[in-house]
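Over in TrEMBL, the protein carries these features:
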- A:26-65: DNA-binding region (DNA_BIND)
- A:89-190: domain 'CoA-binding' (DOMAIN)
- A:GLY100, A:ILE101, A:GLY102, A:ASN103, A:LEU104, A:GLY105: NAD(+) binding site (BINDING)
- A:225-235: compositional bias 'Low complexity' (COMPBIAS)
Protein chains: 2
Amino acid sequence: MATGRTHRPATRSRGIPEATVARLPLYLRALTALSERSVPTVSSEELAAAAGVNSAKLRKDFSYLGSYGTRGVGYDVEYLVYQISRELGLTQDWPVAIVGIGNLGAALANYGGFASRGFRVAALIDADPAMAGTPVAGIPVQHTDDLDRIISDNGVSIGVITTPPGAAQQVCDRLVAAGVTSILNFAPTVLSVPDGVDVRKVDLSIELQILAFHEQRKAGEEAAADGTAAPAADEPAPPVRATPTNRKGPEGDMPAVMPA
Amino acid sequence: MATGRTHRPATRSRGIPEATVARLPLYLRALTALSERSVPTVSSEELAAAAGVNSAKLRKDFSYLGSYGTRGVGYDVEYLVYQISRELGLTQDWPVAIVGIGNLGAALANYGGFASRGFRVAALIDADPAMAGTPVAGIPVQHTDDLDRIISDNGVSIGVITTPPGAAQQVCDRLVAAGVTSILNFAPTVLSVPDGVDVRKVDLSIELQILAFHEQRKAGEEAAADGTAAPAADEPAPPVRATPTNRKGPEGDMPAVMPA
DNA sequence: CTATCTTTGTGCACGCGTTCACAAAGACAT
DNA sequence: ATGTCTTTGTGAACGCGTGCACAAAGATAG
């Protein structure tokens, strides 16, 4: 999953822990599903199961919002949907701009989950002049030169970056200069932003690498359980240390450096 | 960011904390960039800056892998690239299957970051018979009916789900039954999997909602700093409680329920 | 060989997040 | 009205992650 806000060192926003905020959308989704099935009330146990979390955690999370439950009964679904929506700021309209209309940018523009919940794709921006005017998902692509004006005119405060990594920081700087204060970054780059600007990153490559780590570990454990000798790759750090004059891996030659 | 592993409750894998594992890909990326510029060594301070983290944290992270640095000098870039790659399991080939070739699935198939770093798109799978045979990113799409065989034949252990939410759990079950033990889920659904299977989720909608929360909060603080009266949406929980017979928001009528 | 200087590796303390376990609160039946 | 039963809300304990601050290690110069 994409993780980690940058800057603003874990300040509790209005007393609501960051971890709780990250789970509210999950609860909201489960509650919306219940609401569509016209379920009037739900217990913490049921809702927690639907959201895939511990029921105690869910109750504690809700306790930060206020006392919205009824003991012996549970939570009123409609009321809770409204309260969480309000808390997350989804009762207002959020115009969003997507910068970098390649495969991913176009896919996001077409993504249905965007339009619902108060988020509206207000503008698509790309650096390629040939794309200017071409409609993507029914919205004409505009050129980067007009970025500043586009952001201002539409009152965009949330920007989505889907550019190649090399362009990400520059685009980010321009977005921030134009007034954007929240950025969702899909480019595999560490963005640096001034205080007061929130950045969240979604990084496919990182997610896969984390999965690979656990996958390798599972394979190693399995082999150990089979009584097979553990693979060399799973052994502790080798005694041979690399020095500037001795650059070799423990098992001989160093493999070719992998591309980014 | 996509966040949160499901199941397997925070077990320290071979002594390496989960939080550290999640940062290793970040370090690896920064190190690879240095390697391409032929930088021989790097200090924890420099590398930490490039990766966007605290230098003490970076040193502690590396200490879990072993003592790979040289006091007074820093870390050997090439050696560290190799060690982290090995630790993450990137020295081997990981065939990946993408299920659900819509806008997003196609975008991922075309994504360059996939191919590098040992991950290889081994198969594209979709439920639409009309798509079968159509090449996407140079790889012919295969039908869901053959999912089991495709996974087995290619030795796929990592699956990527980019289906509509309604199909995600079913696809997940089939993947797991076929032998997949790691899943990257882009569908906005809580997947339930048996023990031993890792799930990571990437959820655009959740990321946006978290950003909206902080955005709303920033707007509220700003207004308060201006001496303006705080907006009603930012005030503490209202005294009026909703009961099954009194379903109203604190400010009057309940807004229409939002779509999922 | 000794002294100095740089940078790592880590002991320690602190704070956040999670979980347990239970008292309090309300619904509901009698 | 009283008692029972269900479910919430939360106090308290625990564990993980973070960051400070410093001792130990090694490089480098004289």
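Cβ atoms are placed via backbone N, Cα and C, with glycine included.
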Tertiary contacts of the DNA-binding region (A:26-65), as residues 6+ beyond its ends and Cβ separation under 8 Å
15-17, 20, 73-78, 80-81, 83-85, 87-88, 90
For A:GLY100 (NAD(+) binding site), the three-state DSSP class is coil
Across all the protein chains here, work out how many other Cβ atoms are within 10 Å of the Cβ of A:LEU104 (NAD(+) binding site).
24
Let's see if you can do this one: DSSP helix, strand and coil counts over the domain 'CoA-binding' (A:89-190), in that order.
40 helix, 29 strand, 33 coil
So which one is it: of the binding-site residues A:GLY100, A:GLY102, A:GLY105, which has the fewest other Cβ atoms within 10 Å?
A:GLY102
Please work out the mean pLDDT for the residues of the DNA-binding region (A:26-65).
98
Just counting, how many other CB atoms are there within 10 A of the CB of A:ILE101 (NAD(+) binding site)?
25
In the DNA-binding region (A:26-65), how many residues does DSSP put in helix, strand and coil?
30 helix, 2 strand, 8 coil
